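According to TrEMBL:
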- 6-316: domain 'Acyltransferase 3' (DOMAIN)
- 30-46: transmembrane segment (TRANSMEM)
- 69-89: transmembrane segment (TRANSMEM)
- 101-122: transmembrane segment (TRANSMEM)
- 134-153: transmembrane segment (TRANSMEM)
- 236-256: transmembrane segment (TRANSMEM)
- 268-288: transmembrane segment (TRANSMEM)
- 300-318: transmembrane segment (TRANSMEM)
Amino acid sequence: MHHSFIWSHYAHGLGWRDSEGFRQFGESRVVLFFMLTTTLFYGRLIDSRGRNLDWLKLYVSRLLRLGPAYWFAMCLMIAAVTWATLHHVDQAGTGLAFRSWTDIFSSVAVWMGFSMLGMPAIDAYFNTPLVTAAVTWTLPYEITFYMLLPLLALPLRVRMPATTLALGLAAAIWLAAWAPDPILCLPFVGGMAVAMLVRIPRVVQVLRTRASAAVAMAAMTAVIFLFPTAHAIVPMLLLAFAMAVVAADNDLFGILSWRAPQALGNWAYSLYLLHGIVLYTLFMLVIGAERAAQLTTLEYIGIIAAITPVVLTLAWASQRWIESPPMRAVPVVVATLRKGVARLRGNFGLPVAASRAGKA
C-alpha cells in the first residue's frame, strides 16, 4: 500500500513523495520488523545464558534464510535494468559517460552483497534502486545486528569459539566505520528490551490480557495516523509496547491466529523484496512512464487491485520454492561444514573436538 501510493506520485511526475499516513504503513512495519528480529535473536542469547550456543547453525540458517530470495530478487532487478538500458527506458543507457564491464560487474557485486556497501547505479542508470523501491536499505542493519550477536552475548556469558568472537569484533569495527543514523538503530534496542520483558512471568500475564491487546492495536493505529514518522522516541515506544504484547503470545483478539495473517507472515520477506520490482516492471516497462502519467485515480486503483493477487502469488511461490528448500537443508549444510572443519583440523594435527566448541 505504501509503495503503491508513492508510485502514483512518481508516475505523475511529482517525485518520490508520500503522505504521512501512507509513509507510516512502510516505516512502522520496518520498525516492527527490526524489533521482532531483535526480540527473537537476543532472546535466544538470553535463553543460552551461561551455556553453549550453536553459532555455526545460527549463521548458516541466517545466510540460507536471507540469501536465496534476495539473490533471486537481484537477478530480476538486473534483468529489469538490462531491459531498461537496451530500450532507453527512463533515460537508462542514454548517458554520455561510458561504463566498462568492470564498473558494471562491480556495481552488481555490491548489490549481490546484501547492499552492505550501498545501492549503486548499474551501468550509470541513476534510478537502479527504484527497481526494488530501495527496500534493500534495511538488510545492512539486519545483517550487522546478526554479526554483533557475539558481543551482545558476552555479558550473558554465552560461550563461543574465538572465530565467533572475532566476527563480533569485526562487526563493531564495521559499525563504527559505517556510522548509521542512531535513530534507525533504536528499534534494535527496543527489541532487546522486549526480549527481556517477556521473560518476566508477571509482565507476561499483563501483556496477555485483552486490555493489553486493545492498547497495542490502538498504539499501532496512533503511530500510523498521528505521527509524521515512526523514527522518533514516542512512536517507537508505542510500537515496542505492541511488539511486547505480541511477543507475550497475545493473539490480538484472535487476529494473529487467522490463516491469512499467518500466510502473509510466511511470505513477508519475498513480498518485501518483490513488490517493488513488480511495480517498476508494470509502470515503467509495460505501461510506460508516459501512459502511466495519464492514468486517472480510478484507473490507477484498478491496476493496483488487479496486480495485488499477482504479487501475492509471486511471494507465495518464492517462499515455497526459493526460501523453504535452503532452510530445510540447514542441518545437512551444518553437518557438512563441521565434517569439513574437522577434517581440515585433523590434517593440521589440531584437536578435532575443538571444531565443535560452538556446538550447543
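Using the three backbone atoms N, Cα and C, a Cβ is placed for every residue, glycine included.
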Let me check one thing: do the transmembrane segment (69-89) and the transmembrane segment (236-256) come into contact, meaning three or more Cβ pairs under 8 Å with sequence separation of at least 6? no
Counting only residues 6 or more past its boundaries, what in the same chain has a CB within less than 8 Å of a CB in the transmembrane segment (300-318)? 4, 8, 11, 69, 72, 263, 267-268, 270-271, 273-275, 278-279, 282, 287
Candidate ranges 30-46, 101-122, 268-288 - greatest C-beta contact count to the transmembrane segment (236-256) (under 8 angstroms): 30-46
On the 0 to 100 pLDDT scale, where does the domain 'Acyltransferase 3' (6-316) sit on average? 93
Which sequence positions outside the transmembrane segment (268-288), separated from its termini by at least 6 residues, show Cβ-Cβ distances below 8 Å to it? 3-4, 7, 11, 65-66, 69-70, 72-73, 76-77, 80, 83-84, 89-90, 130-136, 295, 303, 307, 310-312, 314-316, 318-319, 322-323
